[in-house]
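A short worksheet on the structure shown next.
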Amino acid sequence: MNNGKVRIYELSKELNLDNKDIKDLCEKLNIAVKSHSSTITESQAERVRTAATKYVPEKTVNESVAHEGDERAKDKLKQQILAIHHKQNLPYSASQSSRKESNSVLAEPPKLLAKPQAKSSNPPTSLSSSNPTQSQLKQPPKPTLETNSPAESVEKTVVERPTAAKPKLVSPPSRPQLVKAPARDAQKQASSKPVAPEEEIASPELKVATPEKTVNKAKAKIKSQPSLPKLQRPQPPKPVDEIKEEVAVTAVDEEVAEETEEFDLDSGVKKEKKLKLKRPDLPRKGKTADWEEEEEEESLDSAKAGKAKTANKAKRRPKPLVDDDDDDFDTELDSSLISTAVSLATARPARPKSLEKQPVAATANKVKKPTQKTEKAAKVDKRDRAVVTGPPESVVLSHNLTVRELADLLNTPETDIIKSLFFKGIAVNITQSLELETARAVAEELGVKVETPEIKSAAAKETEMLDAADLDNLQTRPPVVTIMGHVDHGKTTLLDSIRQSKVAQGEAGGITQHIGAYHVDIEHNGNQQQIVFLDTPGHEAFTAMRARGTRVTDIAILVVAADDGVQPQTREAISHAKAAEVPIIVAINKIDKPESNPERIKQELTELGLVAEDWGGDTIMVPVSALKGENLDNLLEMILLVAEIEELSANPDRLAKGTVIESNLDRARGPVATLLVQNGTLRVGDNIVAGSVFGKIRAMVGDRGNKVEAATPSFAVEVLGLNDVPEAGDEFDVYPTEKEARVVAEARAEQQRDSRLQQAMSSRRITLSSLSAQAQEGELKELNLILKADVHGSVEAILGSLQQLPQNEVQLRILLAAPGEVTETDVDLAAASGAVIIGFNTTLASGSRQAADREGVDIRQYNIIYKLLDDIQGAMEGLLDPEEVEEPLGQAQVRAVFPVGRGTVAGCYVQSGKMVRNAQMRVRRGNAVIYTGVMDSLKRVKEDAKEVNAGYECGIGSSKFNDWQEGDIIEAYEMVFKRRTLSVN
Ligand SMILES: Nc1nc2c(ncn2[C@@H]2O[C@H](COP(=O)(O)OP(=O)(O)OP(=O)(O)O)[C@@H](O)[C@H]2O)c(=O)[nH]1
């Protein structure tokens, strides 16, 4: 209804008659109408309604509907015919014209294809069921909803599987899930949104190939499945204002119309209004002006439809939805309708991946080249949507994704993302994969909050080392044990004691610096058994390494000093072991000390969930003295006992695989790595790939410096022959042939290079851009560093610690961090970038010292991490601008005021400190400061004085202040510059 005017087609629906019938009636009643979209007055409409009660429509039943053989409601058929007529008309004629126009015959079928889907997805049951009006209303104005619609359309299509009986080709797909989630919430609600499985999305492609077949299939399916149209009812309405706005901008015309129709169908309310949004589906002759423009477009579109119906649609899309009943939008119904449109617009990403799987794309494949028009139209479409919707508030990023996927996720045109990356110095194309960090940077730049799924503890065992094939040939293997615990609780001493050697004595600063692996032979139950110990460092900076140690370990020994109790790293060790689901044995150490209190330790551990066996729990706790070697046998017994329970096994008769425990570049021997064999047997001559490093094992060295020919499961060996230094923590595999191994290594190296480059570029650019504002304000300082250390583990640990330093005012830039000697190249880099070189436990290659002297490069060498960190922090503080602070000098009281010339002088008594000529002074009267300025003159008796100390009288004057009063207090002070320390805020 519309300003007292009624359109013919509205009336036809209202009266459940064909437009033609209404036109006939009008003719009989002498009411002039041109077409179904013509309007008549309400009174004329009333006459038509009256006449219609007696009117018997001359209807011919369309064959295609007749096929359906649904004789249940003949009057319904009328509507169905109408619907089918419309539905098929458009695509058919479009494809016809396309055939005539071009050879791209395949361009059209997708629409047919899309239709059956759309149909099937929508609630057609209602069409064939009891409500004729509904069936009529269900006819979609255009079948091309999917053609240029992105993912959601596809999803929707798939989700809403064919359910109904007949008019499947007609019904537009409904989008209940889209309606639910207005744009910004779309991402958040992703989980609740039905997602079409890939294969289902792909199904349209298959159908494209054989449209008729598909249609038949769809029909068959539809017939066999009674449907539930009600389930697809549009969801909660959106605020009207918002709706209006979005509709006006996006003009999601046809989709809106279709949605509207569906809503009408289901709700049975306000159908006229919605129908107005709908494109009329009858042949258009003598249309009213309202329709002419669109009609014209449509004919044009039809003429080119063979290329892409989507193009037509997209072309029309920007056109605002102008209808004479705009003012009707404030109805509840229309709100719902628009909310559908909004969801479509917002939930639809710019160009979803799934778009490729849609009919059009599928067709494009066949036609070789998709029509430019389609693409262009799709772009226009995207732009429109982007304008309207914008990115969501937050997204969840869990893995690398392509530019296109990111664009989808962020609801942002791909071009914007490409542009953003370009400005970060990263040139990408739409299909290029982006690192998680890069994607995060882009998202954050768009103001989108990025959430990452909880990061799995580094300690978690990630890879199963056993394959199914190994199960037939499993043999017991020694347990791999990690000793963990707080600094100085006696880990190294314990291991040392067990090994009967003095490992602890050789350590710099008394701290274990990197993982070592040691084998211990023990007699157990009359058999010689072995335990492999991984010695992990205790300093908290080595958390990452400790986590890694846990990842390869079978049993964790938690050392707790009985005289110290549970400490932060004790807790941390427990959480690592728990994350890796590794059984824990507690060694309560230092029981030889008089102040030791094992029971207190048990109590503290109970609070952390480790309850001793003798306290009724299931955690084995063994009191030991590592220093005195007390009770160590018991501890080892317990380890073997737990190992037995764990049934540790591996298959030694296969090519080895395992984990790199440690690695470094040895000047004499080249890259060296300590490998823990976790399955199979590692042999000299094996072709190995560790991470992305290829190697042919030249030699293997055991933990006692002995040459080893083969290393069976659970054994750790140092290997030589790698062509580079692998990363500690990398897994390694042996390949049957060198060629195979090389190919794998090269592929991985390539991948890593790309990823590193991208990461480096993005982080660098991001740092620069995010810091540029501060730099402009002169607040930002940078300290460039080059870090060289003995092994990877140390590099990681130092980097981890450096990250902890506050960097809000001075930014640390690590230009290079790698294991190895400090080389001349490092010096060159430092000279070029004004960096300081930090060497940790490493030496200087020949020539680098001279180069450093020549270039004026500072090389600092350390072997204790605390010292290194202190120095770096000091250097950073040195870069801070000194702080200007007030330093009080003294206080004086005005006892008398003397006129001198034109001014006055205050006769004072210095109460504390001293008064200093030309110092700053503050004059207080009561609580108020009445003057702040410089003490221009200071006299002692009548003589000028530089300073007057406490307990003396003096005269104080200022050229700018004469208003002295008895009782005033003068505070003298000076401003001094003080070196600042780094603060967290
Ligand atoms: N009295 C006594 N002292 C011990 C015992 N075990 C270790 N210590 C002493 O405790 C100190 C630290 O021992 P370490 O073995 O270096 O401790 P750690 O846990 O390996 O230390 P980090 O490597 O720094 O993590 C040394 O002085 C040891 O002699 C023990 O059972 N009894």
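Glycine is no exception: its Cβ is also placed from the backbone N, Cα and C atoms.
What TrEMBL says about a protein is an automatic prediction, not a curated fact.
Here TrEMBL flags 113-328 (among others) as region 'Disordered'.
Residues or ranges marked as compositional bias 'Low complexity' by TrEMBL: 120-137 (among others).
Taken from TrEMBL, the feature compositional bias 'Low complexity' applies to 224-233 (among others).
Positions annotated as compositional bias 'Acidic residues' by TrEMBL: 252-265 (among others).
The compositional bias 'Basic and acidic residues' annotation in TrEMBL covers 278-290 (among others).
Feature annotation from TrEMBL assigns compositional bias 'Acidic residues' to 291-300 (among others).
According to TrEMBL, the feature compositional bias 'Basic residues' maps to 306-319.
TrEMBL lists 349-385 (among others) with the feature region 'Disordered'.
Sequence annotations record features per position, and here TrEMBL assigns compositional bias 'Basic and acidic residues' to 372-385 (among others).
Here TrEMBL flags 476-649 as domain 'Tr-type G'.
Annotated GTP binding site per TrEMBL: 485-492, 535-539, 589-592, in sequence order.
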Contacting binding-site residues, sequence order - ASP488, LYS491, ILE591 vs ligand 1, Cβ under 6 Å: ASP488, LYS491
Other CB atoms, at most 10 A from the CB of ASP488 (GTP binding site): 17
DSSP state at GLY485 (GTP binding site), helix/strand/coil: strand
Neighbouring C-beta atoms (10 Å sphere around the C-beta of GLY485 (GTP binding site)): 29
Mean of the pLDDT scores, which run from 0 to 100, over the domain 'Tr-type G' (476-649): 80
Neighbouring C-beta atoms (10 Å sphere around the C-beta of LYS491 (GTP binding site)): 28
